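Per TrEMBL, domain 'Major facilitator superfamily (MFS) profile' is recorded for 24-508. For 69-88, 100-120, 132-152, 164-190, 213-232, 349-367, 373-392, 404-423, 443-463, 484-503, the entry in TrEMBL reads transmembrane segment. As annotated by TrEMBL, coiled coil applies to 251-278. Under the heading region 'Disordered', TrEMBL lists 512-539. Per TrEMBL, compositional bias 'Acidic residues' is recorded for 514-523. According to TrEMBL, the compositional bias 'Polar residues' annotation covers 524-539.
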Amino acid sequence: MARDELSVLTALDVAKTQWYHFTAIIVAGMGFFTDAYDLFSIANVTKLLGRIYYTHPGAPKPGTLPPNVSLAVNGVALCGTLAGQVFFGWLGDKMGRKKVYGLTLAIMVFSSLASGLSFGHTAKGTVSTLCFFRFWLGFGIGGDYPLSATIMSEYANKKTRGAFIAAVFAMQGFGILFGGIVSLVISTIFDNAYSAPAYEVNAEASLVPQADYVWRIILMLGALPAALTYYWRMKMPETARYTALVAKNAKQAAQDMSKVLQVEIEAEQDKVDKLSESNHNNFGLFTKAFAKRHGMHLVGTCTTWFLLDIAYYSSNLFQKDIYSSIGWLPPAKEMNAIHEVFRVSKAQVLIALCGTVPGYWFTVAFIDHLGRFFIQLMGFFFMTVFMFALAIPYDHWTKKENRIGFLVMYALTFFFANFGPNSTTFVVPAEIFPARLRSTCHGISAAAGKAGAIVGAFGFLYASQSKDVTKRDAGYPAGIGMKNTLIVLAVCNCLGMFFTFLVPESKGRSLEELSGENEDEGTNDTSQPPVASTRTVPV
């Protein structure tokens, strides 16, 4: 039997969509805008970094980043993100969401600027400095995942909660798009101002000294959107669910939400005291009670996010390699250094416009109608189908007349990733766990995802290398080739479908109903999970 809900939580659950909801989406979403810009803009400039720091005089082709350097540049931010997700997720439950929310943004702003100012007398020194600051950039980005998701879920009403959380995450699509547009603009400006011949015409003249400014400016501009929203983050009150259910301060929760909702709310400190005295809702993360109630849910959120990110990040971070392998980008020797940035960025913008951004907003539109479970299962299914459709007849797609078809299928893969598990894996962990563990469990789930991203980023770089030494990047051993790599990614998506059945449907229910926090101690033993949180398929 359910207890009487706290008035402040009921008021939040039934509140009509108001201006403060949109304010919260923008303030939290700009963090994800910055996250995506910073994480994915590096893909636009890695070829330029290879030309600047690793081109050997007289070589037939421009320089590329050596395998270990490429792994570090592409992967170190993901390692920082994983650490930040776990640390700030835990800290958000210990200190409160608001107290650490501004800190993550400050780290992101500082590290973005510092990445562009990376120094060194040698290539090794410059790249090492870049990797150092990108690790801390990732650390700040990691904190944004559990904190933004938890804050939005605890502010939202239960009717449109999924759309609000998904809208925060959907800003990632605009961040990817903006990163591509900024790279296009900067490279166009420099390419027109400092015209240079292609590498095969004049190798030395193809790389103008000013090219070193291009990648620095692109990376540093990532600090701008984060800095613009810092003030508004500091003005947001702590969430009522943290204040009431974790900090046990009913009066402060009622005061904060009365201002936000512009209604009078009773404090009900006696109900909060009764909750705090009960052992029913005081179990910790590493307890049998948690394992019985939420253990399989946590396994489900971690495994699905892990499997998704293997495919999603390997495809996103290495778009430039996929485009080159099908011949959509001309050989590097036929372009000068800055124009290559333009061509890579143009391809990223097209994929973002056609597949990435629409997919996010389809989720926002339909998540509270179709449910999280259906969208995630559907997304994994179509990602599997399109990955196999790209991989099995791969030789067919490499022919010049079929390249447009390849790009359409590739864009559809991104569309169903974002109108699918890339959005739902972010939403669900913010809804199904108790308030005192919500940020921690979301951080653990997100960190599992980033572990998948690291596997994808590191593994893809080696696996996708051709067995033909003439088609292989310098310094890499033979891999299994692009075709077989795409098959592996398709299998990961297929496994994601099966693990989705471990994740409960959370559509239309209050957070307390999903987590079991509103169940009476005498009527619901901790050895039995609450009915609402065990339902898997939507109703």
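Positions of Cβ are set from backbone N, Cα and C atoms, glycine also.
Contact between the transmembrane segment (373-392) and the transmembrane segment (484-503) holds: at least three of their C-beta pairs are under 8 Å, each pair 6 or more apart in sequence. Across 213-232, 349-367, 443-463, stretch 443-463 shows the highest tally of CB pairs under 8 A with the transmembrane segment (69-88). The transmembrane segment (443-463) and the transmembrane segment (213-232) are not in contact, since fewer than 3 Cβ pairs between them lie under 8 Å (pairs 6 or more apart in sequence). Contact counts against the transmembrane segment (349-367), taken as Cβ pairs under 8 Å, peak for 404-423 among the stretches 100-120, 132-152, 213-232, 404-423, 484-503. Predicted-model confidence for the domain 'Major facilitator superfamily (MFS) profile' (24-508) is 87, expressed as mean pLDDT. Long-range contacts of the transmembrane segment (164-190) within the same chain: residues 21, 24-25, 28-37, 40-41, 44-45, 148-149, 152-153, 155-156, 208, 210-211, 213-214, 217-218, 221-222, 225, 316, 338-339, 341-342, 344-346, 348-349, 352-353, 356-357, 359-361, 363-364, 367, 418, 423, 426-427, 430-431, each at least 6 residues beyond the stretch ends and with a Cβ under 8 Å from a Cβ of the stretch.
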